[in-house]
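Copied over from TrEMBL:
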- 170-193: transmembrane segment (TRANSMEM)
- 291-313: transmembrane segment (TRANSMEM)
- 344-368: transmembrane segment (TRANSMEM)
- 380-402: transmembrane segment (TRANSMEM)
- 422-442: transmembrane segment (TRANSMEM)
- 449-466: transmembrane segment (TRANSMEM)
- 478-498: transmembrane segment (TRANSMEM)
- 519-544: transmembrane segment (TRANSMEM)
- 615-637: transmembrane segment (TRANSMEM)
- 643-664: transmembrane segment (TRANSMEM)
- 684-702: transmembrane segment (TRANSMEM)
- 722-741: transmembrane segment (TRANSMEM)
Amino acid sequence: MLFPNVKFIVGGDGPKMIDLLQMREKYMLQDRIEMLGPVRHSDVRDVLTRGTIFLNTSLTESFGIAILEAACAGLYVVATRVGGVPEILPEDMISFASPDEDDVIRAMSEAIDIVSKGQHDPARAHERVKQFYDWMQVTERTERVYANVLRTRPRPFWVRLQRTLELGRFAGPIFAIILLVDCLFFAFLEWWIPRGSIDKVEMHWDQQRFRKLAEEFQNSSAEEKAQMDTLVDERKSDLGVQELSASERTPSPHPRYRGVFERVTHALTRWGVETNGIDPIPPSDRTDRRLYQLFFVWFTANMNVLAYAVLFMISLKSRIWFHVSFGTGSVGPAFYGLGLRESLIILLIVDIISCIIPAYFTVFGPKLGMRSMVQARYTWGYYGAMLPSALNVFSMEGFLILNTIIGGQMLASVSNGHLNDTLGIVVIAIVSLLVSFCGYRVIHWYESVAWIPNVVAFIIMLGIGGNHLHDAPASEPISASAVITFATITASSVISWCPMTPDYGVYHSANASSVRVFLYAYAGFLVASITGHMLGAAFAAVALSGTNPTWQAGFDDGNNVGGLFEAILSPAGGFGKFMTALCALTIPSACAPTMYTFSSSLMTISYYFARVPRYVYATVSAAILIGVGIVCATRFYTTFTDIMSLIGYWSVVHGVMILIEHFVFRKNDFAAYDLSAWNQPRRLPLGVAATMAFLCAFGIIVPCMDQAWYVGPIAKAGSGDIGIIVGSCVICVLYPCFRVVERYWWRK
């Protein structure tokens, strides 16, 4: 027996306690091993002071508070060299052993020898631990660690990956994969929650005053410590702790887009590109008093061959033919048996009435400073607004695809075979992207000048082809269904602008007169719509009647709007081709705003979508429309029919619902919109009323539809396509009822 006078005191009730009891009984060591069982924390000091050596044989250990407590009680420590144990005490206060029995015995023998020779002073050990783990000492060491970390340059990723691969034949690849996953995950976090969007508090420490305060706190009594705790907030100012106000923080004009897009966004900002997201524009930034821009943006967007392309059909016995003209008005005289005079009268009346709705929607822009689909949240609710936002995304992209196809056809028609539709589509898409990419202000500038070539071209068309307009088809007996369907098609082509008109007034003065804003927008819509619709009614009707073979060949049986345009201007020779090409290059006057609204609508669908800059979505939109447009170019009008018909239904129903919410429930008062609640679901309507009313309206619209691919039972009875009319009436009845119930229930 090496040390017959050594006794063991064992505390705790761990899983090895039974084995220890059996061992003590087996070797008759009851007088040398004392088993205490569980020890209360208040009794730990008394137990520790009974011994001279503390034995800690852990297989794993992070820090080891028990070791620190034993050393503070004056005991010499024997411990296994695992985890963070080697960092707890100086080497002259502890003996280390490998985690095996023989080495533990060696370390214990070494410790007994040290203690028996008086080489370990318990009182001095206590003071050393007290000083070593003084609060100030711990703070300084922690500061040094952080300072060293900050001074150390991080190793390149590939160096770290190489070092990881060297860990072992099997472990290396496994940990390398984990490293790659971690890096990708942190890159995602940087994009998802950018560092720049996190509020920061800067601390300015007066080290001497801090030391003095810490010493006072350390030497104070318990009551004084409690009092000092209550005064912490007051003492922060004495310590120099200051939180920077928003105006004092480092300027960060685009914190939302830090990370992947940070450099690009800052560069684009310097170049004057709009990089704002869908956040409402505050009144302080709504200062543009050039209200005449609201006339030009809608006059130019409608004063071209695109804005008038819409569905029309003709029934010949059991066959249905589909065509599209560059004028909505051509539907009447050519395919509904309406004379040109009757068609023009219907167009005039419908345009005068239907232009009121998108023009009034323009007023929401300056007054609220919100994009159209963001404002829809005040009717649909935060989550409900995802539905119209998604529909608007598909609608805008559908318009873009069809518009670029017409532009491509126009460029191809004047190139004498040197340019096909595909390249023309690419050219129009790129020009549209450049205008939309630059943002709001560039769009307004472009719209203020892009109307000029189109107006000149239309005047020349009237001068050259005016004599042929007398050859329009003769009038046939008028049926009520033909008049209703023709009127609803015309109205829907105008009202379908509603989901985007507020977007182009959000930077204009919030104090501007609502009447002036409305009149400017109304004049832009009305003048352009009436002009384009009536010209389309006249020229396309003659082209399809067969009385002018050149126009008929250019129109290609309704499949080539650009060809018709070029055929009408062909007597002007090279100048006519030049005007056709120039008009094609102004097609972005309708495409650029549409692409802009596509981006803002997509950002409204989800918080995560809103984190991506608008210009990225504009680029994505251009890529989609080029690819799909090239594929659909050969079957343009069938595609147009399928998309355009649905856009008219949902956009009209949506517009009526927004107006009911504004006039009935918000009393035509823009102050009734809490602008700070735009992204807070709990402060917005629930959205059930709008969703239910919308679905119910479509439930009655479907039987009333009269489309190429479906004719409802009500439409078959001879009513014509009254889906828009009936759907609007259903919304006017159901939405107020559902909204009253929703407001009562949501308030409770």
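Each residue's number is its place along the chain shown, starting with 1.
Backbone N, Cα and C define each Cβ position, glycine as well.
In this chain, the transmembrane segment (684-702) lies close to the transmembrane segment (380-402): three or more C-beta pairs between them fall below 8 angstroms, excluding pairs fewer than 6 positions apart. The stretch from 344-368, 380-402, 449-466, 643-664 with the most CB pairs below 8 A to the transmembrane segment (478-498) is 344-368. The stretch in 170-193, 449-466, 519-544, 615-637 that contributes the largest number of Cβ pairs under 8 Å to the transmembrane segment (344-368) is 519-544. It is 380-402 that, among the stretches 170-193, 380-402, 519-544, forms the most Cβ pairs under 8 Å with the transmembrane segment (643-664). Ranking 170-193, 380-402, 449-466, 615-637 by CB pairs under 8 A with the transmembrane segment (519-544) puts 449-466 at the top.
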